[in-house]
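S.K.: Feature annotation from TrEMBL assigns domain 'G-protein coupled receptors family 1 profile' to 56-301. Annotation source TrEMBL lists region 'Disordered' at 329-353. Per TrEMBL, the feature transmembrane segment maps to 40-65, 77-97, 117-134, 154-176, 196-220, 249-270, 282-303.
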Amino acid sequence: MDQQNQNLSCHYDKIMDFFYNNSNRNQSKTDDSWDNTQLILVQVVGCLFCCFILFANALVITAVITNRRFHFPFYYLLSNLAASDFLAGIAYVYLMFNTGSVSRQLTVNGYFFRQGLLDISLSASLSNLLVIALERYVSIMSFKVHSNLTKRRVTLLIFLVWAVSILMGAVPSMGWNCICDLDTCSKLAPIFSTSYVIFWSVSNLVMFLVMVAIYIRIYMYVKKKTAGMKQHTNNSINRKKTPIKLIKTVMVVLGAFVICWTPGLLVLLVDGVCESCKVTKFKRWLLLMAVANSVMNPCIYSYKDQEMWRTIKNLLRCIGNGTRRQRSSKANARHLHSGQDTGNSPLPSDEME
């Protein structure tokens with residue numbers, strides 16, 4: 001009876017060690033423990049990836065801002081996807097240094113903040129991909145390179161994406177958690193309710209299916225359209241290669257996202273529906289797969305879009321030239337200063353003579 005009353009009371013004053021012990025009470029501690037070597041490896045590799053994520057996505061955003069050829073709805077939404085990956089890089093860095101034994105010492109609010117950053121970045125990435133899919137659908141159905149969305153509507157869509165993402169990331173801290181009902185706690189996220197974990201994983205998997213269905217519809221339409229155009233003239237097809245290239249770029253991005261995130265979502269779903277399943281041993285590797293996805297995206301943009309790659313190379317040249325110029329100016333300043341010192345030194349002896 002006392003145990004039941006404890007499970008139904010609220011525990012906002014406890015640190016996360018209490019909730020980890022509760023969630024994994026039927027499992028050995030080695031299933032959730034971090035070996036020091038593994039932890040250091042994950043932190044080093046993860047931080048290197050995160051530095052690349054932050055730098056590469058900042059380059060993509062800057063490329064869209066500085067190149068007028070990218071001032072279209074598709075590229076605005078693509079830069080917003082890069083912004084969500086940039087946030088993911090920040091979230092991963094924060095997670096890397098607040099995991100393992102450190103995570104057990106976090107407060108409830110500290111854990112909500114850590115997981116909230118991850119959930120917001122994932123929701124933003126997924127929402128951006130869905131909005132891009134819809135934008136591509138509208139443009140391709142009229143067989144145009146870009147849709148007729150105005151800047152105001154694109155801005156509204158971007159605002160909506162972030163509003164929904166922040167809401168999804170804040171839902172557990174707003175009450176959908178197990179802090180007051182320990183029997184419903186998830187094993188992977190010890191203060192998240194299993195019902196929320198199921199909702200989160202199922203809703204994201206459904207969004208995956210919706211986006212895949214949209215792109216299959218687009219692909220079938222483009223295939224049919226180009227087959228009909230081949231009977232008339234090849235020039236028309238050459239002029240319309242650009243929208244097809246953009247579709248291929250987004251399909252590769254979506255494919256990478258699905259491959260990297262589907263295993264994690266399936267494990268979350270298993271965690272929600274299976275009490276006896278041991279899922280905690282997979283979480284560190286699923287985390288690295290999620291990090292890898294944010295690493296791949298800017299590489300895909302650059303590889304699949306020649307104009308994007310040229311713009312990024314120009315930006316890198318500017319950064320390199322600026323660095324060399326700065327070093328040269330510092331060296332000249334030091335040389336001038338030393339020259340002035342040597343030039344002034346004989347004056348006293350001249351005056352004495």
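One-based numbering along the chain as shown.
Any Cβ shown, glycine's included, is placed from N, Cα and C.
TrEMBL: automatically predicted annotations, no manual curation.
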S.K.: Against which stretches of its own chain does the transmembrane segment (154-176) lie, if we need a Cβ under 8 Å and a gap of at least six residues from its ends?
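M.R.: Same-chain residues near the transmembrane segment (154-176) but 6 or more away: 73, 76-77, 80, 84, 109, 112, 115-121, 123-124, 127-128, 131, 189, 191-193, 195-196, 200.
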S.K.: Please average pLDDT over the domain 'G-protein coupled receptors family 1 profile' (56-301) for the predicted structure.
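M.R.: The answer is 85, the mean pLDDT of the model over that range.
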